[in-house]
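Working notes, structure below.
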Amino acid sequence: DFRKAMSQAGTSQFQEVIRQELEYSMKVELDKILATAPSNELEHTKNDLEGFKKLFHRFLQEKGPSVDWGKIQRPPEDSIQPYEKIKARGLPDNIASVLNKLVVVKLNGGLGTSMGCKGPKSLIGVRNENTFLDLTVQQIEHLNKSYNTDVPLVLMNSFNTDDDTKKILQKYSHSRVKIYTFNQSRYPRINKETLLPIAKDVSYSGENTECWYPPGHGDIYASFYNSGLLDNLIAEGKEYIFVSNIDNLGATVDLYILNHLMNPPNGKRCEFVMEVTNKTRADVKGGTLTQYENKLRLVEIAQVPKAHVDEFKSVSKFKIFNTNNLWIALSAIKRLQEKNAIDMEIIVNPKTLDGGLNIIQLETAVGAAIKSFENSLGINVPRSRFLPVKTTSDLLLVMSNLYSLNAGSLTMSEKREFPTVPLVKLGSSFTKVQDYLRRFESIPDMLELDHLTVSGDVTFGKNVSLKGTVIIIANHGDRIDIPAGALLENKIVSGNLRILDH
């Protein structure tokens, strides 16, 4: 036992030496990169690299999955409130004064590359020529006009989306919404083998575009604080931010949740509210809220030990998942940021670059900070508040007659008899937005659809109706044209059909 203990001590000492060497090598490389920064970018680059250094230090310290599975418990009953209970309290007469304390923040760092588009994802057209950004501005403008309030919109851009977004913002200069932007940090990607940055200087254009990345939306706390915007909004009397992904079309300002925050029934305000919703089979990988060491804690699938992944995915044990719609007190962000007390697990995201180089990105997630805030709460909201558009399959749903558009908000059509969304799977011929649009002469009637699978070279004529379960498979080299006016109800179509009788 003594020999074993000595050998373990030797191993941990050896690991510590290696850690220190890696950290030193990283510091040398980062100093070289910083030395290439022009004077007008020096301060900003220094902040970014300091933030990265802290993250890298923590990455070297951590071993294995970051949660001890034995400590995970179901959250106490009162820590996740049903939305109906919050709504049942109604609204006060002075809802305008409550709204004036709110800031809407949209996470706008992502590109549209997964849907074959260049530039920011928020500029993709989703409904009647309106982009994600158009719909967001319309929603907030409608609020400000209806209640005579001044709710501003803040966009957290990344270095990938900032220029294009700022150009487009000019078109809203006459709208009744103040729009602010700030940039999330820019961190260096690191070589998986050497654990050193692949960037040699600060530039991020041309050959260097692949050397840098925005470090996930958990970066919002530091970059919002560093931008000075947090302090400015507090000085203006703002108290809460409502944060959500710009591609979640269900994430609109909810007055009942806001009222619950500002006028809590027990008199004690929450610093952090996470909207969760019930899991379906499609959401088994979504992060879930648990009780961990007497705090609410978000647990993501990447943190779960391999032996427990199936248990984590179980819909019966972990019934809810995080929508990433969050309500956070500004004063709490300021306090925790100044104490360097926001603790978020590191997500190690491995990627292979075009040239074949294996790299890793160190990221954090905004919801993971819930355990650092006081008096946190989950609210179990209707599924309608989670309507993300990640693929063209999602795009088909939101473009269809399943939803009606009013003042920038999409709501499920009253003509649909059940509130669940159909399951839609479009094949690889539909992945890029331009290919997808070319394959539909008009968006089919989907009011009575349960399930749609389309694979291969398929096109849809005008005014097609889809009902029940519809599966259309064109084999390799075949093509299927669904003619104008066709009604497909509980049908499987395969082979090579240029004309389909109906």
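Backbone N, Cα and C define each Cβ position, glycine as well.
Quick look at what TrEMBL lists:
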BINDING   Lys121, Gln184, Gly216, Asp247, Lys390  UTP binding site
BINDING   His217  substrate binding site
Site of maximum Cβ density within 10 Å, from binding-site residues Lys121, Gln184, His217, Lys390: Gln184
Cβ packing number for Asp247 (UTP binding site), 10 Å threshold: 22
Tertiary neighbours of Gly216 (UTP binding site) (same chain, Cβ under 8 Å, six or more apart): Ile347, Asn349, Glu363, Thr364, Ala365, Val366
Inter-residue C-alpha distance, Gln184 (UTP binding site) and the residue listed as 'substrate binding site' (nearest angstrom): 8
Inter-residue C-alpha distance, Lys121 (UTP binding site) and His217 (substrate binding site) (nearest angstrom): 15
Extent of the UTP binding site in Å [max Cα distance among Lys121, Gln184, Gly216, Asp247, Lys390]: 21
